[in-house]
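According to Swiss-Prot, the protein carries these features:
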| type | residues | note |
| --- | --- | --- |
| ACT_SITE | HIS41 | active site, proton donor |
| BINDING | 12-18, 40-42, ARG304, 330-332, 412-414 | GTP binding site |
| BINDING | THR298, THR299, THR300, GLY301, ARG302, ARG303, ARG304 | substrate binding site |
| REGION | 119-138 | region 'Disordered' |
Amino acid sequence: MANVVVIGAQWGDEGKGKITDLLSRSADVVVRYQGGVNAGHTIVVDGQVLKLHLIPSGILYPDTICLIGSGTVVDPRVMLGELDMLIENGIDISGLQLASTAHVTMPYHRLLDQAMERQRGERRIGTTGRGIGPTYADKSQRSGIRVIDLLDEQRLRDRLEGPLQEKNQLLQTIYGMDPLNADEVIAEYLAYGKRLAPHVVDCSRAIHGAARNRKNILFEGAQGTLLDLDHGTYPYVTSSNPVSGGACIGAGVGPTLIDRVIGVAKAYTTRVGEGPFPTELDGSLNDHLCDRGGEFGTTTGRRRRCGWFDGVIGRYAVEVNGLDCLAVTKLDVLDEIDALQVCVAYELDGERIEHFPSCSEAFARCKPIYETLPGWQCSTADCRRLEDLPEKAMAYLRFLADLMEVPIAIVSLGASRDQTIVVEDPIHGPKRALLSA
């Protein structure tokens, strides 16, 4: 048995959905432990493109239990829309389970999120406007609505009365918006609760039951390390903890249950929204990476900012998450570039540093120090074994592995499941006998 956490090692959008889908074949249970509909992942199966925001990738495997954990925030409208889409595509959803203690994104959360972002103007954070931050804020202030509250009308009414009065006052007085009608909100969310009720479970109990039965459990993170509320590029971060430690809190398990942590990183770097990005490119190279890599957000449709691979944040992700190995995605996007640059350090106020600065203002002043590697300028899309890769592509991967001081277990060369090279079984294989110099 092996219990594995999969995390993003950059700013999100690393291709975790595909890697989780690949690893789900060996998993009995897949747990989404944080985030909400602000995250999105795209999976391609037999040429069919499926875009999901809340439902774990493992839903495509009929014998796999997919659990949305207590650390997530759930928008029932989006979740039910995804379930309907899966049913229409002939996918069995009977294995889906939803934590009774997960918090619920209410209509006022979305309205306030969008209004606050507009009010920030040039100081905007770049939120998705889906209400994630306000939902987590209410959770911290102990005034949130949980999934279990949607199953009982009186409990929902009691829980909602105070918060809705407060939110309506904000909407009207501060933002000049119309108030929400309590009876309409209650009726709408009770209807959601009725549809979700068959899937609602005690999250921690379900996971520990699987662990006692020696099941393989895969914990799926959303977003990425540099968007972590505590360890990312604050304030340009999400409102939860995508790092591996967040799996324990968001799923209700202890750290001794985790056997291995796998990081996912693109062969280059992207970021969506605002915030510092030292290796960001402009001009034709940025356009090439964006167009060739299809760098448009699953959730927002926004064009992602693109840049060279940043080994400084890569090493930071290894340390913060305790990575055992790495999956490198979108190597094929670099196929046509003649010279590749990799950031190995920063120049900050005239000094060379090799660590990620905790101060966002200092990070914004960092200039990348690059090493240049030759490109391979031929297609890798059809490579299925490590030895099929061009030597220069192999050299690039070895350089990344050495720079980050972590072995590479998986190389992804496209969106489809079969466009993957598994160097070593990342779950059951030896922890350090993978691709390195």
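Keep in mind that glycine also has a Cβ here, set from the backbone N, Cα and C atoms.
Shown in sequence order, VAL272, GLY273, PHE296 are the residues of the chain, 6+ apart in sequence, with a C-beta less than 8 angstroms from the C-beta of ARG302 (substrate binding site). Separation of the C-alpha atoms of THR42 (GTP binding site) and ARG304 (substrate binding site): 15 Å, rounded to the nearest whole number. Within the same chain, the residues at least 6 positions away from ARG303 (substrate binding site) whose Cβ sits under 8 Å from its Cβ are CYS290, GLU295, PHE296, GLY297, listed in sequence order. Taking each Cβ in turn and tallying the other Cβ atoms within 10 Å, the top scorer among the binding-site residues GLY12, GLY15 is GLY12. Within 10 Å of the residue listed as 'active site, proton donor', counting C-alpha to C-alpha distances, fall the following of the binding-site residues GLY15, LYS18, GLY301, LEU413: GLY15, LYS18. Taking the C-alpha positions, the distance from LEU331 (GTP binding site) to GLY301 (substrate binding site) comes to 22 Å. LEU331 (GTP binding site) carries a helical DSSP state (H, G or I). Shown are the recorded positions LYS18, HIS41, ARG304; of these, the residue with the fewest other Cβ atoms within 10 Å is ARG304. In the three-state DSSP assignment, the secondary structure recorded for ARG303 (substrate binding site) is strand. In this structure the C-alpha atoms belonging to GLY301 (substrate binding site) and GLY12 (GTP binding site) are separated by 14 Å.
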